[in-house]
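> Could you have a look at this structure, given as structure tokens, before my questions?
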């Protein structure tokens, strides 16, 4: 009898405990949102648990959504330039008017054209940075890093790594060839083949985020094309020689947005999460996330960041940087496939 | 009901869970994958087939064909080197190490298995780097005037693989060696064979089942591995699994990923048939 009662009590407890923590928010995110330091204040304030799933690359994220049931996901982080693509496929829900204010944002990263479709806002920019040149200033001449042409000069052959993401690197190769990212269509793309192959020949490796960081940190390579503050900032305390710059040809502006997933059963909670992420406190925590750092879209986050943190983020240089940076290329499906074919050829040669 | 029918029904009942498991988790996903491979990507949407354009692309597009070639070259190289290193090691442990130390010797041989596969690969990245232990030692000893690049090359991938598969092969060959009666060697020696002849003409042929089984496992695990070439190869050439991952993660091209996966399965199946024929496993 005692055994039965114990079992019954245990079953009751097991049933009650999840019930007490039933409120959950499922977020499809990039790794910077997985930092407990970012999530804890929201979880405590709303007595909710945020379940996160990391993904890399818009195609992977959209595939996850394609294979999910409506209601599986509540919020999603996505490349700002890919918001329209997600909306087109029916994966993002419009945000209520006035739900999130961008009044304090850096004007250049509000990106209303990209975050809205047919006048409806589907996402809001939350973080941005640059794909440009990251380097070890103890090993290379910083003056050489003022021009992308240095990478093709032969001086740094075998000391270069290429960040393994075709959009920003093809964009940078385009800038080196005098082609703006907005003009990178199928015809312009073929002009990049030769310089891309030469860049590969001059490079030691093509690597993802972790391998790129490892290669720079261990001195395997001295320059990373496609790198930026998002890669060197987390290593700054260990090796202050790791630096980055935007060369005279320009750099690429990456911007990530957050939106509410279509079909969410918790729209109010999803909006609250988006509000938190775009609030000064959330923005400061997101900017200095353990996975990678990046500029907060909301300028008001400056009050919540220390002077050291702002210095690493190059807060005071943003006006100049934003003026010189171009958005990622936004290829149509056919050009995108051609870009990926060229990238695969580069990897295989 | 006859006893024979009862026994048949009992047999079917016992086998049913395994059959059901295989049906649900292998046959059905396999059929889904085969069906998907006959579709194709148009723009960013999957268009249902059936057509063979993905397979045609695999065997006509240079980067995809090279992926198959790179995978086969690396796998064959790794298998040969691993067998060449594992056999002597297994033989030494089985015949030269005192019985009371054998367990410890085997433990030491498989100790690296206890580390995470990913961590082990990143460790090799640090060891093989220009500032790593190997280069520091070679330059320090004056054997090299300056570091040479091993990391982010095929050599690094092969090194990482061999380290892992030597352990696996040592176990399969060792288990074969310890089952051999010492009388075979004694009889050969009595008939005038030298020690080398005993190994070459008696022991080695008798351990071929263990060698071939281990080599097959090495082949299958190596050709399907994504982690090691991704971390150690520096993306300077792509293997078949890396190409599959590219289709999935970056292009969202599930039909092409399915077609490439089926090509990978076909290669593994051919390897299995070759091994089975060699060992006459179908007669067992």
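Any Cβ shown, glycine's included, is placed from N, Cα and C.
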> For the record in TrEMBL, which of the ranges B:53-73, B:74-94 is the transmembrane segment one?
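When B:53-73, B:74-94 are checked in TrEMBL, transmembrane segment belongs to B:74-94.
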> According to TrEMBL, which listed range is transmembrane segment: B:198-223, B:224-249?
B:198-223
> Using a Cβ distance cut-off of under 8 Å, indicate which of B:12-36, B:74-94, B:156-178 has the most pairs with the transmembrane segment (B:101-119).
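Looking at each of B:12-36, B:74-94, B:156-178 in turn, the most contacts to the transmembrane segment (B:101-119) are made by B:156-178.
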> Which bits of the chain, at least 6 residues beyond where the transmembrane segment (B:74-94) starts or stops, bring a Cβ under 8 A of a Cβ in it?
102, 105-106, 109, 154, 157-158, 161-162, 165-166, 168-171, 173-174, 177-178, 199, 203-204, 207, 211, 214-215, 218-219, 222-223, 229, 239
